[in-house]
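Since the structure comes first, as C-alpha cells, the remarks are kept for the end.
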Amino acid sequence: MSFIVRTVKGDMPPETLGRTLTHEHLAMDFTHFYRKPPQFIADKFNFGFGLGTIGYIRQYPYSSKSNLVLNDKSAKEVVLKDIKNYKKHGGGTIVENTTEGLDRDIEFYETVMTNTGVNIVAGTGFYIADTQSMNHLHNTQEDLYNHMLTELTEGCEGYPSVKAGFIGEIASVWPIRDFERKAILAAGEVQAQVGCGVSFHPHRVTEAPFEIMRLYMEAGGKIDKAVMSHLDRTLLDPAKLLEFSELGAYCQFDLFGTEVSYYQLNIDTDMPSDAQRLNMICHLLKEDKADRILMSHDIHTKHRLIDYGGHGYSHIFTNIIPRMKSKGISQNIIDKITVDNPAQWLSIPN
C-alpha cells in the first residue's frame, strides 16, 4: 500500500515533507478569548505594538484585541515574511490547525505555499462549542462526520479544489460539552474510514487528554494516528505524562517560545519554560518514546511573530534544536521528532 500527504496544493510523498511543525496557525481570529487587562495597566493596551507596550502584551496576550486578530492585512503580510524565514532556516512543512469556530482561511494557506515553497497542510473539524455558529451547534454527530469526511475526500467547504490533510484541531472544554463529544466521536469514525491523522486540543485539566482518547477510541479511531496537543500546559506531572504516553498517541509539546510563566487562560497553571519543555521530552526519551513525540509553537497571536517582537516560526530550528543537542539528544532522534514522526502521522493510505 502506498501513502500520501495531502497539502493545500495537492498530494505529495510523505518522505518529501522535510522538517515539520505539527501545530501552527497562519490566519485565525481568537477574539472570543479576550480578557480585560488589570485595571492599573489598562492604558498600556490602547496603543498597539511598540517597545513601550510589547512587554505588557507578552505578559497579558489575551488583553490586546489587536493581538488576537491573526487574519488582518498586516498580520498576513508579517506571517508571509515569517514563513519565508522559516524556509530559510530549514523548514519544510507547516500543519495549519485552524478549524470551524476560528475563521479558517484556505485561500491564504494556498498563497503562503505558493509564495514560500513551504508545504501547508490544512485541517478539518471543530473548535470548542462556544465558538460555533448556531447552525453547527445543532448538527448531529452524523452531520459532523459527513462534514469532515467530505472535506477530506472531496474538498473543503467554499474551496472544493482543496482537500483537508488531517482532522484537527478538535477542541473541547471541561467537562466536555455535548457538541464537543459529538465532534470527538465523529473524528474517530472518520479516522477509522480514511486512515488520516487527528489532532486534539484538551482543556487545561489532567483528566481531559485521557477522556478524549477514550471517546476517540470508542468510536473506532486508531490511537497511533492521534495527536494530543498542549501537553506542556496540561500534563505537568511527569508520572501522568508517562502514563498518557503509554496509550500510544503522539505527545505534542507545542508551546515552544512561550516563556511567560503566568498563563492568562488558566491562572492555576504555571506555564513551563522552553528548558522545562525539553526536560519533559527528555523524560519521555528515557522511556524509549522517541517515536511518540512532536514539537511546535502554536502561534496564534501577533506578538509571537518576529516583526511584532516575537520568536517566529523558525524558533525551534534556530534556538531549540541546538539546546537539544547540548542536552545529549542525538541528531537521529531530532530528525525522528521533527521529520519522521510528522510524516508518519500525516500519511494517508492512497
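Cβ coordinates come from backbone N, Cα and C, glycine included.
Listed in sequence order, the residues of the same chain lying 6 or more apart from His23 (divalent metal cation 1 binding site) and placing their CB within less than 8 Å of its CB are Val95, Asn97, Glu169, Ser199, Val227, Ser229, Gln252, Asp254, Leu294, Ser296, His297, Asp298. Secondary structure from DSSP puts His23 (divalent metal cation 1 binding site) in a beta strand. Sequence annotations record features per position, and here TrEMBL assigns divalent metal cation 1 binding site to His23, His25, Glu169, Asp298.
The divalent metal cation 2 binding site annotation in TrEMBL covers Glu169, His201, His230. Counting only same-chain residues six or more apart in sequence, the Cβ atoms lying under 8 angstroms from the Cβ of His230 (divalent metal cation 2 binding site) belong to His201, Pro202, Gln252, Asp254, Leu255, Asp298.
Long-range C-beta contacts of His25 (divalent metal cation 1 binding site), restricted to its own chain and to partners at least six residues apart, with a cutoff below 8 Å, comprise Leu70, Glu96, Asn97, Thr98, Leu102, Asp298, Ile299, His300. The DSSP secondary structure for Asp298 (divalent metal cation 1 binding site) is coil.
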